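Inspection log for the structure reproduced underneath, given as structure tokens.
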Amino acid sequence: MIGTPYTQGATRAMLLGSGELGKEVAIELQRLGVEVIAVDRYPNAPAMQVAHRSHVINMLDGEALKALIASEKPHLVIPEIEAIATQTLVELEAEGLKVVPTARATRLTMDREGIRRLAAETLALPTSPYVFCDSLTELQAALKVTGIPCVVKPVMSSSGKGQSVIRSPGDVQKAWDYAQSGGRAGEGRIIVEGFIDFDYEITLLTISAVDGIHFCAPIGHRQEDGDYRESWQPQAMSSLALDRAQHIAREVVQNLGGFGLFGVELFIKGDEVYFSEVSPRPHDTGMVTLISQDLSEFALHVRAILGLPVGTIVQRGPSASAVILVEGESSNIGYSGLAEALAQPNTQLRLFAKPEIHGRRRLGVALARGTSIDEALQTALASAGCIKVHFN
């Protein structure tokens, strides 16, 4: 049973992380009558603007997190980012708190080491060669295992922060320094990954729900500086590669446990499929599903975590998303060009309403459908290009 917000019988969900993905989750929760409490480290975050109420705390502070949960008494805690005191969630789950999908999944996926060791060592799934390092000396030694080129990432980061490619021995110091500056929890451990000469990479949105495991059509995407710039659905791939991708995703998701949507990232080389990463929550490349499916990844996540059946997922045909990425400094951001952007055929816009920008930040996304992936992608790019951002 779901209660009514602001009443004694309300069903309360607490979002830990209130960015653009959390905002869409909040909206879908509210569609089904759930009372939403949005939490983040800064005020006026996107999901806070549509939640019933909000709080600003350091979510890496276990005591602060525990105190807030004790005060609000949520029925569901929904992590939307990695930078959370996950050990606190593990302890609270043992006391009866419902963490989505599970506290274990949140802990394992908060850093790249936990999930990579699960996939490669526990589940024996194919991955790139990798080494974890705690020092520059260890990084230099790791290159003998991974070879050059290789990718260096902090074990805990997102949106490409701290991620770089070593293409020659002269890049090693710079890669180490960048990884140390880009981690979510500050300086620390890194992963060095051997370079897979893949044909393309996909996100396979995988839903674990009361009526079983479900897959969305594969999503292709383009990354730049470790961050997604465009995505499209469906990504064409062989039936054998798709079967292998679904097998890997199913293995990982079932091991992590719980109900919810998981963004499983995979590299594809011919018919070979390699596991890369997984997020136990909606994925940024999956924003294309806001226009490409009858149920977006956010709607699917909410259905699953509320214990509701997913049923059949209808994919509407070639669709694409293009990010509105801006660089600057402002705490008073404005937008123009919306009319021109929406004059593009079969388009939609999402402006995230982020309260400020310091450096480079994703402020919105253009969505489009077309008769082909190329047409949808070009339309989405044209629509995104119409948006002008003003720092007032």
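The backbone N, Cα and C atoms fix where each Cβ goes, glycine too.
Site annotation (Swiss-Prot): N(1)-(5-phospho-beta-D-ribosyl)glycinamide is bound by Glu20, Leu21, Asp284, Lys354, Arg361, Arg362, and the candidate from Glu63, Glu72, Glu80, Glu230 recorded at this site is Glu80. Other Cβ atoms within 10 Å of the Cβ of Arg112 (ATP binding site), summed over all protein chains shown, number 22. For Glu193 (ATP binding site), the Cβ neighbour count at a 10 Å cut-off comes to 20, with all displayed protein chains included. Cα of Asp284 (N(1)-(5-phospho-beta-D-ribosyl)glycinamide binding site) to Cα of Glu265 (Mg(2+) binding site): a span of 11 Å. Of Glu193, Phe195, Glu277, all annotated as binding-site residues, the residue with the shortest Cα distance to Glu80 (N(1)-(5-phospho-beta-D-ribosyl)glycinamide binding site) is Glu277.
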